[in-house]
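**Student:** First the structure, then my questions, so here it is.
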Amino acid sequence: MAMQGSVLALGKCLACLEFMLFPVWRGIRASSGVAGGWSQGWGRCLRWEPDGPDQGARFPVFDYPIWLVLCRGGHATIREVCQRGRGVVRLPTEMLSIKLPQLFNIHQVPKVFREDSIISGYRHPRSSALDCVLSSFQMNNETVNIWTHFLPTWYFLWRFCVLCSTLNFLTDSYTWPLLVYMLLICIYPFTSSCAHTFSTMSPESRHICYFFDYGALSLYSLGCAISYGHYVMPDCWLSSWLHQHFVPIAVGNTLLCTGLSCYSRFLELQFPQRSKVLRTGAFIIPFIFDTIPLFYRIFLCCRGSCGPSDALSSHCYHVLFAFLTCFLFTAHLPERLAPGRFDYFGHSHQLFHVSAVVGTHFQMEGVIADMVSRRAWLLSHGAAPSFLGTVGAFAISLILNLGIIAVFSAPLLWKPRRGAGPPARECKEQ
Ligand SMILES: [Zn+2]
């Protein structure tokens, strides 16, 4: 409460405070006999006093009740009380408020965490699991990577649920290749999203997170092979050697892909170029192999040996996006042209995620269209899928891929841990 020009002096009767906590001025009517003045005997202790030497008695006493009384030194006391009160009031606010983790630049994080041409927005290299989860709601150089694969997971899951309601995945063996494919297109973006979220808990966890990411991508290539081998194979290749061995070769490809891509991480710091070539090759091999039947169908169509097909146009879009995905993964554009400009938005890995997801969408449309339109023809030519060639191949590959990931993770998990201090302010070569 502002009391312009005047304050109340407390006098020298501090002992009174023991008994009367809150002095209340009832107004000047006390002098006219009406109940007024100070409450509970405070009149003995208090008197009106001018604020400054030149104020004199110009300021009259108030003629209305005053509940807040300023005494000598009262401003300081009230300020102190306010500070304490604010502390008490702030307590639950602090408990409820979420403190977002601090971000670092490229020179403050160990080399293993650095990304090509990404200068800022790095999370702490020893983040806790909670910090990692919170960081997905904070703008850093991984946030868009996380969400560009987390949201599509739900889109593919929704499409899978819709298919579950229209197809009989349990007893209709013709749908099993699609079942495996749909499972894997839900798993790979989800695993990638988790890998990007938890990759800054430690250097070891970063490697292990990306081992799982590569394993999921490699299994996705098996899902493509299983669906292509059963639904997309050109008519003239049905029951050929390639058709009969398509899925077993694809299983071998997944093992090669996971093994090479995991191994490439160990070369990353010493031989970055070799590591990149190895990792890119690891994913290109299964992609080229899986797409052979599709390339042949597109080739036949170019020669005029096929009619207009919705499936084929979707497949063509998928192939275009697949090449774009591969280009973005290897080129590191646009951030290589302007390092630091695309740290948060628009760097190649985000575009790579988006391109991969859009490509997968078209691939899914193409596979579903082929599955529906070619059903009668494929089944009449004895191309019914077997359990071993679909769900069995997926289960075997899953176990073997997890085994490869375990082999690469074991030395990292058993390695003696270094101190978990804050990141170095200087360039730290690790
Ligand atoms: Zn990624």
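Note that Cβ sites are derived from N, Cα and C of the backbone, with glycine treated the same way.
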**Student:** Of the residues H124, H196, H207, only one is listed by TrEMBL in the Zn(2+) site with H349, H353. Which is it?
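**Tutor:** Matched candidate out of H124, H196, H207, per TrEMBL for Zn(2+) with H349, H353: H196.
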**Student:** Looking only at the recorded stretches 146-170, 210-233, 245-266, 311-330, which one has the largest tally of CB-CB distances under 8 Å to the transmembrane segment (278-299)?
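**Tutor:** The listed stretch sharing the most Cβ pairs with the transmembrane segment (278-299) is 245-266.
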**Student:** So which of 146-170, 245-266, 311-330, 392-414 has the most C-beta pairs under 8 Å when paired with the transmembrane segment (210-233)?
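**Tutor:** The stretch I would name here is 245-266.
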**Student:** Have a look around H353 (Zn(2+) binding site) and count the other CB atoms within 10 A of its CB, chains all included.
**Tutor:** 23
